[in-house]
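Novice: For reference, TrEMBL lists these features for the protein:
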type: TRANSMEM; residues: 6-25; note: transmembrane segment
type: DOMAIN; residues: 17-261; note: domain 'G-protein coupled receptors family 1 profile'
type: TRANSMEM; residues: 37-58; note: transmembrane segment
type: TRANSMEM; residues: 78-96; note: transmembrane segment
type: TRANSMEM; residues: 117-138; note: transmembrane segment
type: TRANSMEM; residues: 173-192; note: transmembrane segment
type: TRANSMEM; residues: 213-235; note: transmembrane segment
type: TRANSMEM; residues: 247-264; note: transmembrane segment
Amino acid sequence: GICFCVFLIMYLMTLLGNVLLIILVRINSKLQTPMYFFLSNLSMIDICFSSTIVPKILINTLSKDRSISLVGCALQMYFHMALGASECILLAVMAYDRFAAICRPLHYQTIINKKMCILLASISWGVGFITASVHVPLTFQLPFCKSHHVNHFFCEMPPFLRLSCKDTRPNEIAITVTAQFITLCSFFLTLISYIHIISNVFKIRSSQGREKAFSTCASHLTVVSMFYGTIIFMYMKPRTADKTVSIIYTVVTPMINPIIYSIRNKDVKDTIKMKLSSL
């Protein structure tokens, strides 16, 4: 009962926080900038990401029958992998956006124009779904004869591979290489962007300017460290997939993201205050 309540509250907070953020961006013309366009995409991914897993966890918490159909399992694995990879790339895109805004302020409008925003968001979503379209069919082509019991909260690839009676090392290598490529490329792009941002921020003479630049980046950095940290731990060691780590990046992170971005963000807080005062 306690588990059900905890997961339900977290899921409702995820939906509420992310939907609210998307609505605020839509209704306030001041928030219709590249940064908030990417933030809306992140909220959309978080809603879908959480919805792929949490409703089934809620059903399993109450029900004695914890089975899932093979198609249901494949779909859960597919969307979980696709959305996770998309979020990974989107966080790097958001870091690049902050780099362009702080390090190239005069050229920002031309670098991150509307076409570029749509292109970068499309790449984030596209790469995620292409990756899942390769790995999930490869996983389900394996013969499964050890057990039909997945020792996990949901159908995630590393624990699922343990059920196969065939040598799964080629699959594990393929997953690890893909995960390393996507995660480490995104992580290093984010890191390079932030090295440039931090060195630029220290060149700002006014302390107010420095503070403003740091505050726009602090929320993104918090989200990045949480997400990349858990993903790196999870997929660099596919045989030791930890349930707690999975719960952090599939349930906790999507709930915390909108909270972090709203608390740290003056424009979002002002929009909420403005809308509440007009009621």
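Each residue, glycine too, has its Cβ placed from N, Cα and C.
The model shown is predicted, which means the values in this text are computed figures rather than measured ones.
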Novice: Same chain, outside the transmembrane segment (247-264) by at least 6, Cβ under 8 Å from its Cβ: which residues?
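Specialist: Tertiary neighbours of the transmembrane segment (247-264) are 7, 10-11, 13-14, 17-18, 20-21, 39, 42-43, 46-47, 49-50, 53-54, 57, 80, 84, 153-154, 215, 218-219, 222-223, 226-227, 230-231, 234, 272.
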Novice: Cβ under 8 Å to the transmembrane segment (117-138), counting only same-chain residues 6 or more beyond its ends: which ones?
Specialist: 34, 37-38, 41, 74, 77-79, 81-90, 93, 96, 157, 171, 174-175, 178, 182
